[in-house]
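Below is one structure, written out as structure tokens, with a few remarks after it.
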Amino acid sequence: MRRRRYLRDRAEAAAAAAAGGGEGLQRSRDWLYESYYCMSQQHPLIVFLLLIVMGACLALLAVFFALGLEVEDHVAFLITVPTALAIFFAIFILVCIESVFKKLLRVFSLVIWICLVAMGYLFMCFGGTVSAWDQVSFFLFIIFVVYTMLPFNMRDAIIASILTSSSHTIVLSVYLSATPGAKEHLFWQILANVIIFICGNLAGAYHKHLMELALQQTYRDTCNCIKSRIKLEFEKRQQERLLLSLLPAHIAMEMKAEIIQRLQGPKAGQMENTNNFHNLYVKRHTNVSILYADIVGFTRLASDCSPGELVHMLNELFGKFDQIAKENECMRIKILGDCYYCVSGLPISLPNHAKNCVKMGLDMCEAIKKVRDATGVDINMRVGVHSGNVLCGVIGLQKWQYDVWSHDVTLANHMEAGGVPGRVHISSVTLEHLNGAYKVEEGDGEIRDPYLKQHLVKTYFVINPKGERRSPQHLFRPRHTLDGAKMRASVRMTRYLESWGAAKPFAHLHHRDSMTTENGKISTTDVPMGQHNFQNRTLRTKSQKKRFEEELNERMIQAIDGINAQKQWLKSEDIQRISLLFYNKNIEKEYRATALPAFKYYVTCACLIFLCIFIVQILVLPKTSILGFSFGAAFLSLIFILFVCFAGQLLQCSKKASTSLMWLLKSSGIIANRPWPRISLTIVTTAIILTMAVFNMFFLSNSEETTLPTANTSNANVSVPDNQASILHARNLFFLPYFIYSCILGLISCSVFLRVNYELKMLIMMVALVGYNTILLHTHAHVLDAYSQVLFQRPGIWKDLKTMGSVSLSIFFITLLVLGRQSEYYCRLDFLWKNKFKKEREEIETMENLNRVLLENVLPAHVAEHFLARSLKNEELYHQSYDCVCVMFASIPDFKEFYTESDVNKEGLECLRLLNEIIADFDDLLSKPKFSGVEKIKTIGSTYMAATGLSAIPSQEHAQEPERQYMHIGTMVEFAYALVGKLDAINKHSFNDFKLRVGINHGPVIAGVIGAQKPQYDIWGNTVNVASRMDSTGVLDKIQVTEETSLILQTLGYTCTCRGIINVKGKGDLKTYFVNTEMSRSLSQSNLAS
């Protein structure tokens, strides 16, 4: 908790800095990376280093007492090692307190480095004669861990390492130059030391650089994965909001599952639907009440409105009705022009459903009355309510709209049509459910509606309880109404309705709520949506950027909070704690097969270490033919391996590469992309370097070995200090320690293969350690013992070559093992993050596609783009005026007779299944390229409404040639023909004889989106009304059009037959035409289309 509090405090400071702009954001990201680096690398590595150093101190003490050395002769050693152990243990305790570690990071690094350097000088100065090779391995260890394990940055690590190596070189050079004795090899030894230190610096810097690059990549992948999760959560939230804004929850999730299955395709693994029918998302509900309401006088008012005023008025009115519906536990079903209908008792049955609908109707009448009183506009509300059973759900494949069907729904519609403006007209069934809650009076609906008379429906008017109290608005008309009498009625309406403040359609797409929800989860409503052409955009405001940064910081803090020094040793859901293998075998196989383009650089670094070993041995070893031949053969082998690895790049750079050398290009590609060639080359490369580190040790001349006193010689002979001959011979074998240093460099060469299998490197180093210890402690032990005993009277542990070599190799082996494991763990972690990121991106794409399908299922694509791409400041309602749109109504009148409710057809469900098939087949036509310009608007019962000409930019309509300007009208006629063909095919399979009746008209329309809850795209205007009348007054199996439309069709090559003058409700007498179904057209249209 302390660490989390600390991280959160830092996050708040970073967020405050982020508010300052781009520089602040960069500081915030830098701080997050530093925290991530600190907890994932610096903290665990410094802990491991302290453990290694403390373990080494304990091992030295154990070896000291195991060898039975005299305490009096090694007082300095016994003081130095326990003191260092105590200091390192104290630092270890403090480092384990993470808050202290974070604050004193640099101090701990400096103290550890100083302690190690001090230990090296103490070992050098106390314990016997100082030699040119003294403590080179220990100082090499310091140099290497300064880069790889101490939490220094690269600059500080270079400075500390240079100080370490140069101080050792300078001290030894000055001290030995002033000491009497043989100095003929001093220069070469010091130069060899310098080469060893340079190699240690290069290997350490290389290791640090690659590890930092790998960690930066892991950090980026972590951030990307977290961002993708944020985005995925957002997409899921977004699609749920979209889906629930279109459909009720009880049916939305079922449809969502099918869409996802369809988007994912066969790979998702679900069984394909073997049913010949489309899925039907319709359910039966009993005991519900249906309300139909129509705004009387709105058609006349709308004729004087501008597009913006019309859409604004409808949105405000229906937004108010939605609010009233919510208050009265009603669900709005659909908006049909200026008609509004809803149901109470869905999806959960409600005992007060009739009371809810009646109260809803009274509230609607009251709302309209307030509008009429406030504006003086003559509009009113006619409401009809009936109670019964319904089938509710969604039919078709596109432009889903939740709807209800049943005889009771039809009756409710006629209750509205047979009602009176300003009154709520109810049936006797609804009256029974009211249980006396309202006073009623005779409705006499059968007088005004023949359907009610035919079905002997007894109707009533509900008496409004508020009717006896006249509102103040009725008594005193507002001043602005009287003053504004000269204003157009639409202007007065618009100004008044603005005070209602109805929510805008799809406002939730850009809803700016808090980043954290009540359950503690982080909200993601401000993350940009998607990667599609209309979704690929940046965060739009500074506040959004700030919130997104805060959320990302919070998630990163959670990730960092879960990282500690012991995490990789504890149980993980993905990675085994000992072997570091993935539990998932497929992921393990995929990780092993990962391409490794950097492998050639690993080989290059290993070859540079080999070069350093060669230079060191050339400087100090006797120049023999075996030395030359052995290193020459090794050089040729490594150069060949290096050439094969770089062959691809070399041949790509060369313009005149021979085709015979293409196998080299393929070979380098195989090495980079396949694991087994890499493993083979790793084994060969490291085997050559490790072997050459000690190879020439087996070819020491006999004279160099026999002139030395052996272990069998009496102690008296070997311990005489004035044995000048023995000392002279011993000094001639000054190169022996450099074999040990070469072995250490050989082990380091194994560690440079960072991304190669950890277990392979461990096995190679283990084999090398066993082999080296066998040489040092067995095969060549007598040479090393004799050398040490001749050079030193009572050699200490760090002066005795055999002990020093074995301990040094073991310490380096453990250090490299820890580094290798750490590297492997984070490489695997990085791969895991990438793998999760990839999967989450695929899931995000599915969610984005789902959102797109959902939104384009209710809106045309260009309208969906408007809502997704708009700026937050653009809160205007969407509306668009078009001069030439072709509108079609295609109905199946016979379906009303076909629809029956009985036990045989599951109370009408099977009838709706057939209607679903018909509408779905009609919708299938929309996916054909030639009908891409056809926009389905809605279905009304068994009537299919569509339009063309809505996709064109209105400003471009007049710029087109007349023929092209009206081509979409021809497309609509073609679509009507296709509908007839589809219906004929269904008739053959279902043994029915349904006929299509089509009405088409063209002209100006207003398009817009209204309704915050269940937003709906619709078109309005006289063109739409006339098209509807062309259908309702039409003839089965005929396409009826107006005279103006017939003239356009004839110019496009269609033939039309005059029907004559017919009376159209609300329009008077109109001359109409039938489009000939023989489709006798000239070739002119096909030429235009081409």
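Any Cβ shown, glycine's included, is placed from N, Cα and C.
The topological domain 'Cytoplasmic' annotation in Swiss-Prot covers 1-44 (among others) and is backed by sequence analysis. Averaged across the topological domain 'Cytoplasmic' (1-44), pLDDT in this predicted model comes to 54.
Feature annotation from Swiss-Prot assigns transmembrane segment to 45-65 (among others). A Cβ distance under 8 Å defines the sequence-distant neighbours of the transmembrane segment (45-65), meaning residues of its chain 6+ beyond its ends; these are 74, 77-78, 81-82, 84-85, 88-89, 91-92, 95-96, 101, 108-109, 112, 116, 145, 148-151, 565, 797, 803, 807, 810-811, 814-815, 818-819, 822.
Look at Swiss-Prot and you will find 75-95 (among others) tagged as transmembrane segment. Residues 43, 46-47, 50-51, 53-54, 57-58, 60-61, 64, 101, 104, 108, 111-112, 115, 119, 122-123, 125-127, 796-798 of the same chain lie 6 or more positions beyond the ends of the transmembrane segment (75-95) yet place their CB under 8 Å from a CB of it.
Swiss-Prot lists 107-127 (among others) with the feature transmembrane segment.
According to Swiss-Prot, the transmembrane segment annotation covers 132-152 (among others). Residues 38, 41-43, 45-46, 48-49, 105-106, 108-109, 112-113, 116-117, 119-121, 123-124, 160-161, 164-165, 168, 172, 176, 185-186, 189-190, 193, 196-197, 200-201, 203-205, 207-208, 211, 734, 737-738, 740-741, 744, 748, 798-799, 804-805, 808, 811-812, 815, 819 of the same chain, all 6+ positions outside the transmembrane segment (132-152), place their C-beta atoms under 8 angstroms from a C-beta of that stretch.
Packing against the transmembrane segment (157-177) from elsewhere in the chain are residues 113, 117, 120-121, 124, 130-132, 134-136, 139, 142-143, 146-147, 150, 183, 186, 190, 193-194, 197-198, 200-201, 204-205, 208: each is 6 or more residues past its ends and has a CB under 8 Å from a CB in it. Among the features that Swiss-Prot reports, transmembrane segment is placed at 157-177 (among others), with the record citing sequence analysis.
Sequence annotations record features per position, and here Swiss-Prot assigns transmembrane segment to 186-206 (among others).
Residues annotated as topological domain 'Cytoplasmic' in Swiss-Prot, with sequence analysis given as evidence: 207-600 (among others).
Residues or ranges marked as Mg(2+) 2 binding site by Swiss-Prot on the basis of experimental evidence: D294, I295, D338. Secondary structure from DSSP puts D294 (Mg(2+) 2 binding site) in a beta strand. The Cβ neighbour count for D294 (Mg(2+) 2 binding site), using a 10 Å radius and every protein chain shown, is 23.
Other C-beta atoms found within 10 angstroms of the C-beta of D338 (Mg(2+) 2 binding site) number 20, with every protein chain shown included. According to DSSP, D338 (Mg(2+) 2 binding site) is assigned to coil rather than to any helix or strand. According to Swiss-Prot, the feature ATP binding site maps to 294-299, 336-338, R382, K938, 1018-1020, 1025-1029, K1065.
Per Swiss-Prot, the feature Mg(2+) 1 binding site maps to D294, D338; the stated evidence is sequence analysis.
The annotation phosphoserine is assigned in Swiss-Prot to S490 (among others).
Here Swiss-Prot flags S543 (among others) as phosphoserine, drawing on experimental evidence.
For 601-621 (among others), the entry in Swiss-Prot reads transmembrane segment, with the evidence type sequence analysis. Within its own chain, the transmembrane segment (601-621) is flanked in space by residues 185, 188-189, 191-192, 195-196, 198-199, 202-203, 206, 627, 631, 634-635, 638-639, 641-642, 645, 681-682, 685-686, 688-689, 692-693, 696, 734-735, 738, 741-742, 745-746, 748-749, 752-756, which lie at least six positions past its ends and keep a Cβ under 8 Å from the stretch.
Marked as transmembrane segment by Swiss-Prot on the basis of sequence analysis: 626-646 (among others).
Sequence annotations record features per position, and here Swiss-Prot assigns transmembrane segment to 679-699 (among others). For the transmembrane segment (679-699), same-chain residues at least 6 beyond its ends with a Cβ under 8 Å from one of its own Cβ atoms are 599, 602-603, 606-607, 609-610, 613-614, 617, 621, 624, 626-627, 630-631, 634, 637-638, 641, 645, 671, 739, 742-743, 745-747, 749-750, 753, 756-757, 760-761, 764, 768, 771-772, 775, 780.
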Identify, in sequence order, the residues in the chain of R1029 (ATP binding site) that are 6 or more apart from it along the sequence and have a CB within less than 8 Å of its CB; answer 'none' if there are none.
G999, V1064, K1065, G1066, K1067, L1070
I'd like to know which of these binding-site residues, I295, G297, L336, R382, V1026, is least surrounded, judged by other CB atoms within 10 A.
L336
Seg_contact(the transmembrane segment (800-820), the transmembrane segment (186-206)) with at least 3 CB pairs under 8 angstroms, min sep 6
no
Using a cut-off of under 8 Å between C-beta atoms, tell me which stretch among 107-127, 626-646, 734-754, 763-783 contacts the transmembrane segment (186-206) the most.
734-754
Within the chain of I1019 (ATP binding site), which residues six or more apart in sequence place their C-beta under 8 angstroms from its C-beta?
V885, V887, I937, A947, L950, V1005, I1006, A1007
Coarse DSSP state, helix versus strand versus coil, of R1029 (ATP binding site)
helix
Distance, D338 (Mg(2+) 2 binding site) to G297 (ATP binding site) (CA atoms, angstrom)
10
In the same chain, who gets a Cβ under 8 Å from the transmembrane segment (626-646) while lying at least 6 residues past its ends?
599-600, 603-604, 606-607, 610, 614, 617-618, 664, 667-668, 671, 681, 684-685, 688-689, 691-692, 695-696, 699
Could you give the number of helix, strand and coil residues in the region 'Interaction with GNAS' (904-921) as assigned by DSSP?
13 helix, 0 strand, 5 coil
Quick check: with D294, I295, D338 left out, which same-chain residues have Cβ atoms within 8 Å of the centroid of the Mg(2+) 2 site Cβ atoms?
A293, V296, F298, T299, G337, C339, Y340, M381, R382
